[in-house]
Amino acid sequence: SEDPSVTLFREYLKIDTVHPKPDYDAAVRFLERVGTDLGLASQKVEVCQGRVVLVLTWQGTNPRLRSILLNSHTDVVPVFEEHWTYPPFEAVKDSQGNIYARGAQDMKCVSIQYLEAIRRLKAEGKSFSRTIHLTFVPDEEVGGHKGMEMFVQRPEFRALNVGFALDEGLASPSDTFSVFYGEKSPWWIKVKCVGSPGHGSRFISNTAAEKLHKVINSFLTFRESEKQRLKSDSSLTLGDVTSLNLTMLEG
Amino acid sequence: STEESDPWWKAFSGVCRDMKLQIKLEIFPAATDSRYIRAVRHPAIGFSPMNRTPVLLHDHNEFLNEQVFLRGIDIYAHLLSALASVPPLPAEA
(Lines of atoms letter the chains of each structure in order from A and count residues from 1; the text may use other names and numbers.)
(Lines give C-alpha, C1' and ligand atoms only; values in the text may rest on other atoms or scores of the structure.)
Protein backbone atom coordinates (compact mmCIF):
# COMPACT_ATOMS: atom_id res chain seq x y z
CA SER A 1 0.00 0.00 0.00
CA GLU A 2 1.16 3.51 -0.81
CA ASP A 3 2.36 6.04 1.75
CA PRO A 4 -0.44 8.64 2.12
CA SER A 5 2.10 11.45 1.53
CA VAL A 6 2.86 9.98 -1.90
CA THR A 7 -0.84 9.66 -2.65
CA LEU A 8 -1.35 13.33 -1.76
CA PHE A 9 1.61 14.33 -3.94
CA ARG A 10 0.15 12.41 -6.89
CA GLU A 11 -3.23 13.99 -6.31
CA TYR A 12 -1.67 17.48 -6.52
CA LEU A 13 0.28 16.52 -9.67
CA LYS A 14 -3.01 15.70 -11.39
CA ILE A 15 -4.27 19.27 -10.99
CA ASP A 16 -3.74 20.96 -14.31
CA THR A 17 -1.86 24.16 -13.42
CA VAL A 18 -0.09 24.26 -16.77
CA HIS A 19 0.54 27.47 -18.66
CA PRO A 20 -0.85 29.33 -20.51
CA LYS A 21 -4.15 28.69 -18.63
CA PRO A 22 -3.32 27.19 -15.24
CA ASP A 23 -6.27 25.96 -13.15
CA TYR A 24 -5.23 28.04 -10.15
CA ASP A 25 -8.66 27.75 -8.51
CA ALA A 26 -8.38 23.97 -8.28
CA ALA A 27 -4.85 24.19 -6.84
CA VAL A 28 -5.85 26.75 -4.20
CA ARG A 29 -8.97 24.70 -3.26
CA PHE A 30 -6.84 21.55 -2.89
CA LEU A 31 -4.05 23.17 -0.87
CA GLU A 32 -6.48 25.04 1.35
CA ARG A 33 -8.31 21.77 2.10
CA VAL A 34 -5.02 20.08 3.06
CA GLY A 35 -4.02 23.04 5.22
CA THR A 36 -7.38 23.21 6.97
CA ASP A 37 -7.20 19.45 7.70
CA LEU A 38 -3.84 20.14 9.34
CA GLY A 39 -5.34 22.86 11.49
CA LEU A 40 -3.47 25.66 9.73
CA ALA A 41 -4.95 29.13 9.42
CA SER A 42 -5.68 30.14 5.85
CA GLN A 43 -5.67 33.49 4.09
CA LYS A 44 -6.09 34.34 0.43
CA VAL A 45 -4.63 37.46 -1.15
CA GLU A 46 -5.68 38.32 -4.70
CA VAL A 47 -2.64 40.25 -5.93
CA CYS A 48 -4.36 40.97 -9.24
CA GLN A 49 -7.39 39.73 -11.17
CA GLY A 50 -7.49 35.95 -11.02
CA ARG A 51 -4.11 35.65 -9.27
CA VAL A 52 -4.49 34.46 -5.69
CA VAL A 53 -1.68 33.85 -3.21
CA LEU A 54 -2.68 31.28 -0.57
CA VAL A 55 -1.07 31.69 2.85
CA LEU A 56 -1.26 28.84 5.38
CA THR A 57 -0.01 29.55 8.87
CA TRP A 58 1.18 27.49 11.82
CA GLN A 59 1.28 29.97 14.66
CA GLY A 60 4.38 29.89 16.87
CA THR A 61 4.35 30.14 20.66
CA ASN A 62 6.04 33.54 20.45
CA PRO A 63 4.30 35.39 17.61
CA ARG A 64 6.45 38.48 18.15
CA LEU A 65 9.46 36.67 16.67
CA ARG A 66 10.14 36.80 12.97
CA SER A 67 8.63 33.93 10.99
CA ILE A 68 9.85 31.19 8.70
CA LEU A 69 8.47 31.47 5.16
CA LEU A 70 8.10 28.32 3.07
CA ASN A 71 7.42 29.47 -0.47
CA SER A 72 6.41 27.46 -3.50
CA HIS A 73 4.75 28.19 -6.82
CA THR A 74 1.69 26.35 -8.08
CA ASP A 75 2.13 26.77 -11.84
CA VAL A 76 4.06 24.48 -14.20
CA VAL A 77 5.48 24.89 -17.71
CA PRO A 78 3.80 23.39 -20.81
CA VAL A 79 4.44 19.91 -22.24
CA PHE A 80 4.94 18.26 -25.60
CA GLU A 81 2.82 15.29 -24.67
CA GLU A 82 3.91 13.17 -27.65
CA HIS A 83 7.41 12.94 -26.12
CA TRP A 84 6.18 11.60 -22.78
CA THR A 85 6.11 7.90 -21.88
CA TYR A 86 3.12 8.48 -19.57
CA PRO A 87 0.54 11.27 -19.72
CA PRO A 88 2.10 14.25 -17.88
CA PHE A 89 -0.93 14.97 -15.69
CA GLU A 90 -1.73 11.44 -14.53
CA ALA A 91 1.16 11.06 -12.09
CA VAL A 92 1.84 7.45 -13.10
CA LYS A 93 4.18 5.59 -10.73
CA ASP A 94 6.27 2.87 -12.36
CA SER A 95 7.55 -0.38 -10.77
CA GLN A 96 10.69 1.44 -9.51
CA GLY A 97 8.64 4.04 -7.68
CA ASN A 98 9.36 6.81 -10.18
CA ILE A 99 6.44 9.23 -10.35
CA TYR A 100 6.09 10.85 -13.77
CA ALA A 101 4.40 14.22 -14.04
CA ARG A 102 4.93 17.80 -15.09
CA GLY A 103 5.71 19.46 -11.76
CA ALA A 104 7.16 16.33 -10.10
CA GLN A 105 10.48 18.23 -9.67
CA ASP A 106 9.45 21.83 -10.35
CA MET A 107 8.03 22.14 -7.77
CA LYS A 108 4.88 20.39 -6.53
CA CYS A 109 7.07 17.94 -4.61
CA VAL A 110 8.30 20.73 -2.35
CA SER A 111 4.80 22.11 -1.62
CA ILE A 112 3.60 18.70 -0.44
CA GLN A 113 6.83 18.01 1.46
CA TYR A 114 6.39 21.26 3.44
CA LEU A 115 2.82 20.24 4.33
CA GLU A 116 3.68 16.64 5.16
CA ALA A 117 6.62 17.71 7.34
CA ILE A 118 4.21 19.92 9.30
CA ARG A 119 1.73 17.04 9.54
CA ARG A 120 4.45 14.87 11.05
CA LEU A 121 5.67 17.50 13.53
CA LYS A 122 2.11 18.19 14.66
CA ALA A 123 1.43 14.47 15.07
CA GLU A 124 4.51 14.26 17.28
CA GLY A 125 3.04 17.02 19.43
CA LYS A 126 5.79 19.50 18.59
CA SER A 127 5.44 23.23 18.77
CA PHE A 128 7.97 25.95 18.07
CA SER A 129 8.53 29.53 19.10
CA ARG A 130 8.54 30.93 15.57
CA THR A 131 5.51 31.03 13.30
CA ILE A 132 5.75 29.09 10.03
CA HIS A 133 3.99 30.52 6.98
CA LEU A 134 3.50 28.64 3.73
CA THR A 135 2.88 30.75 0.64
CA PHE A 136 1.60 29.20 -2.58
CA VAL A 137 2.05 31.66 -5.41
CA PRO A 138 0.96 31.75 -9.06
CA ASP A 139 2.93 32.82 -12.10
CA GLU A 140 6.53 31.98 -11.22
CA GLU A 141 7.12 30.27 -14.56
CA VAL A 142 6.24 33.45 -16.47
CA GLY A 143 8.37 35.75 -14.34
CA GLY A 144 6.33 36.14 -11.14
CA HIS A 145 5.11 39.58 -12.22
CA LYS A 146 1.51 38.68 -11.29
CA GLY A 147 2.62 36.59 -8.33
CA MET A 148 5.49 37.01 -5.89
CA GLU A 149 6.68 40.32 -7.36
CA MET A 150 3.33 41.91 -6.46
CA PHE A 151 2.83 39.97 -3.23
CA VAL A 152 6.03 41.24 -1.58
CA GLN A 153 4.69 44.79 -1.94
CA ARG A 154 1.42 44.00 -0.13
CA PRO A 155 0.66 44.84 3.50
CA GLU A 156 -0.38 41.18 3.94
CA PHE A 157 3.19 40.17 3.08
CA ARG A 158 4.74 42.66 5.48
CA ALA A 159 2.39 41.36 8.17
CA LEU A 160 4.02 37.91 7.82
CA ASN A 161 7.09 39.45 9.50
CA VAL A 162 9.45 37.14 7.64
CA GLY A 163 12.82 36.34 9.15
CA PHE A 164 14.02 33.64 6.78
CA ALA A 165 12.65 32.03 3.62
CA LEU A 166 13.01 28.74 1.80
CA ASP A 167 12.15 28.42 -1.89
CA GLU A 168 12.90 26.00 -4.70
CA GLY A 169 16.27 24.56 -5.66
CA LEU A 170 17.13 22.01 -8.32
CA ALA A 171 17.63 18.25 -8.53
CA SER A 172 21.13 16.89 -8.26
CA PRO A 173 22.15 13.65 -10.06
CA SER A 174 24.87 12.83 -7.52
CA ASP A 175 24.68 12.00 -3.81
CA THR A 176 25.04 15.67 -2.90
CA PHE A 177 22.15 18.11 -2.46
CA SER A 178 22.37 21.49 -4.18
CA VAL A 179 21.78 24.47 -1.91
CA PHE A 180 21.35 27.86 -3.58
CA TYR A 181 22.40 30.99 -1.72
CA GLY A 182 21.89 33.42 -4.60
CA GLU A 183 20.69 33.46 -8.16
CA LYS A 184 21.65 34.76 -11.56
CA SER A 185 19.93 37.86 -12.92
CA PRO A 186 18.11 37.62 -16.22
CA TRP A 187 18.93 40.40 -18.64
CA TRP A 188 16.99 40.69 -21.88
CA ILE A 189 18.88 42.79 -24.42
CA LYS A 190 17.36 44.13 -27.61
CA VAL A 191 19.84 45.46 -30.14
CA LYS A 192 18.55 47.58 -33.00
CA CYS A 193 20.82 48.04 -36.02
CA VAL A 194 19.97 50.72 -38.55
CA GLY A 195 21.85 51.34 -41.77
CA SER A 196 21.85 53.13 -45.08
CA PRO A 197 19.55 52.11 -47.93
CA GLY A 198 20.46 51.97 -51.59
CA HIS A 199 20.16 49.85 -54.72
CA GLY A 200 20.75 46.17 -54.08
CA SER A 201 23.32 45.93 -56.88
CA ARG A 202 25.79 48.27 -55.16
CA PHE A 203 28.19 47.86 -52.26
CA ILE A 204 26.16 50.03 -49.94
CA SER A 205 28.24 51.40 -47.11
CA ASN A 206 27.20 51.53 -43.46
CA THR A 207 24.65 48.67 -43.66
CA ALA A 208 22.58 47.27 -40.80
CA ALA A 209 23.75 43.73 -41.63
CA GLU A 210 27.44 44.64 -41.15
CA LYS A 211 26.66 46.19 -37.78
CA LEU A 212 24.59 43.19 -36.77
CA HIS A 213 27.45 40.94 -37.81
CA LYS A 214 29.76 42.72 -35.36
CA VAL A 215 27.21 42.53 -32.56
CA ILE A 216 26.52 38.82 -33.08
CA ASN A 217 30.25 38.04 -33.27
CA SER A 218 30.96 39.84 -30.07
CA PHE A 219 28.02 38.12 -28.29
CA LEU A 220 29.06 34.68 -29.49
CA THR A 221 32.73 35.26 -28.62
CA PHE A 222 31.71 36.17 -25.09
CA ARG A 223 29.36 33.18 -24.98
CA GLU A 224 32.13 30.81 -26.08
CA SER A 225 34.59 32.18 -23.54
CA GLU A 226 32.08 31.73 -20.68
CA LYS A 227 31.27 28.23 -21.95
CA GLN A 228 34.97 27.31 -21.99
CA ARG A 229 35.48 28.85 -18.55
CA LEU A 230 32.74 26.59 -17.15
CA LYS A 231 34.15 23.55 -18.95
CA SER A 232 37.77 24.09 -17.95
CA ASP A 233 37.20 24.45 -14.20
CA SER A 234 35.32 21.62 -12.50
CA SER A 235 34.76 23.74 -9.39
CA LEU A 236 32.49 26.07 -11.37
CA THR A 237 28.77 25.46 -11.87
CA LEU A 238 26.31 27.01 -14.30
CA GLY A 239 25.47 29.64 -11.68
CA ASP A 240 29.08 30.89 -11.64
CA VAL A 241 29.24 31.93 -15.29
CA THR A 242 27.18 34.19 -17.55
CA SER A 243 25.15 32.35 -20.15
CA LEU A 244 24.03 34.13 -23.29
CA ASN A 245 21.60 33.07 -25.98
CA LEU A 246 20.46 34.79 -29.14
CA THR A 247 16.79 33.84 -29.36
CA MET A 248 15.15 36.14 -31.88
CA LEU A 249 16.12 37.95 -35.03
CA GLU A 250 13.69 40.27 -36.79
CA GLY A 251 13.93 42.65 -39.71
CA SER B 1 24.48 34.51 4.15
CA THR B 2 26.32 31.23 4.40
CA GLU B 3 28.53 32.37 7.30
CA GLU B 4 28.43 30.18 10.40
CA SER B 5 27.73 33.35 12.38
CA ASP B 6 24.38 33.74 10.59
CA PRO B 7 21.74 32.15 12.85
CA TRP B 8 19.54 30.96 9.96
CA TRP B 9 22.43 29.41 8.10
CA LYS B 10 23.73 27.88 11.30
CA ALA B 11 20.36 26.17 11.79
CA PHE B 12 20.13 25.03 8.17
CA SER B 13 23.68 23.74 7.87
CA GLY B 14 23.50 22.17 11.35
CA VAL B 15 20.62 19.96 10.21
CA CYS B 16 22.53 18.95 7.08
CA ARG B 17 25.50 18.02 9.24
CA ASP B 18 23.39 16.07 11.73
CA MET B 19 21.58 14.19 8.97
CA LYS B 20 24.88 13.62 7.12
CA LEU B 21 23.59 15.34 3.99
CA GLN B 22 26.39 16.36 1.69
CA ILE B 23 25.58 19.77 0.32
CA LYS B 24 26.98 21.79 -2.53
CA LEU B 25 26.62 25.57 -2.35
CA GLU B 26 25.68 27.11 -5.65
CA ILE B 27 24.25 30.15 -7.36
CA PHE B 28 20.85 29.28 -8.87
CA PRO B 29 21.51 29.28 -12.63
CA ALA B 30 18.11 30.75 -13.52
CA ALA B 31 15.63 33.14 -11.94
CA THR B 32 12.91 32.26 -9.45
CA ASP B 33 10.66 33.91 -6.86
CA SER B 34 13.51 34.09 -4.32
CA ARG B 35 14.73 37.20 -6.12
CA TYR B 36 11.65 39.12 -5.03
CA ILE B 37 11.96 37.86 -1.46
CA ARG B 38 15.63 38.84 -1.34
CA ALA B 39 14.85 42.19 -2.99
CA VAL B 40 12.74 43.15 0.04
CA ARG B 41 15.69 42.16 2.23
CA HIS B 42 14.73 38.79 3.61
CA PRO B 43 17.40 36.09 3.56
CA ALA B 44 16.37 33.11 1.41
CA ILE B 45 17.83 29.73 0.53
CA GLY B 46 16.80 27.73 -2.54
CA PHE B 47 16.56 24.06 -1.70
CA SER B 48 14.64 21.11 -3.14
CA PRO B 49 15.72 17.89 -1.41
CA MET B 50 16.30 15.85 -4.59
CA ASN B 51 19.63 14.06 -4.83
CA ARG B 52 20.30 11.04 -7.05
CA THR B 53 17.78 12.57 -9.46
CA PRO B 54 18.40 13.64 -13.06
CA VAL B 55 17.73 17.34 -13.69
CA LEU B 56 14.46 17.22 -15.64
CA LEU B 57 12.69 20.47 -14.84
CA HIS B 58 10.81 21.76 -17.92
CA ASP B 59 11.80 18.53 -19.75
CA HIS B 60 9.86 15.55 -21.12
CA ASN B 61 9.34 12.67 -18.68
CA GLU B 62 9.98 14.80 -15.60
CA PHE B 63 9.85 12.42 -12.63
CA LEU B 64 10.75 12.01 -8.99
CA ASN B 65 11.30 8.76 -7.14
CA GLU B 66 8.94 8.22 -4.21
CA GLN B 67 11.78 7.27 -1.84
CA VAL B 68 13.58 10.53 -2.63
CA PHE B 69 10.29 12.35 -2.10
CA LEU B 70 9.68 10.68 1.28
CA ARG B 71 13.19 11.36 2.51
CA GLY B 72 12.59 15.01 1.60
CA ILE B 73 9.70 15.12 4.11
CA ASP B 74 12.05 13.83 6.79
CA ILE B 75 14.64 16.47 5.85
CA TYR B 76 12.06 19.27 6.02
CA ALA B 77 10.76 18.03 9.38
CA HIS B 78 14.28 18.47 10.77
CA LEU B 79 14.85 21.79 8.98
CA LEU B 80 11.58 23.29 10.18
CA SER B 81 12.24 22.19 13.77
CA ALA B 82 15.64 23.88 13.70
CA LEU B 83 14.60 27.05 11.85
CA ALA B 84 11.44 27.65 13.88
CA SER B 85 13.50 27.23 17.07
CA VAL B 86 16.21 29.76 16.22
CA PRO B 87 16.56 31.78 19.46
CA PRO B 88 15.46 35.42 19.45
CA LEU B 89 17.84 37.54 17.40
CA PRO B 90 19.38 40.69 18.90
CA ALA B 91 16.89 42.79 16.92
CA GLU B 92 13.98 40.80 18.37
CA ALA B 93 14.98 41.01 22.03
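Count begins at 1; order follows the chain as displayed.
Using N, Cα and C of the backbone, Cβ positions are placed for all residues, glycine too.
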- Query: Which of A:ASP94, A:ASP106, A:ASP175 does TrEMBL put in the same Zn(2+) 1 site as A:HIS73, A:GLU168?
  - Reply: A:ASP106
- Message: Under 8 Å between C-beta atoms and at least six apart in sequence, can you list the same-chain neighbours of A:ASP75 (active site), or say none if there are none?
- Response: A:THR17, A:VAL18, A:HIS19, A:PRO22, A:TYR24, A:PRO138, A:ASP139, A:GLU140, A:GLU141, A:VAL142
- Query: Counting Cβ atoms within 10 Å across all protein chains shown, which of the recorded positions A:GLU140, A:GLU141, A:GLU168 comes out on top?
  - Reply: A:GLU140
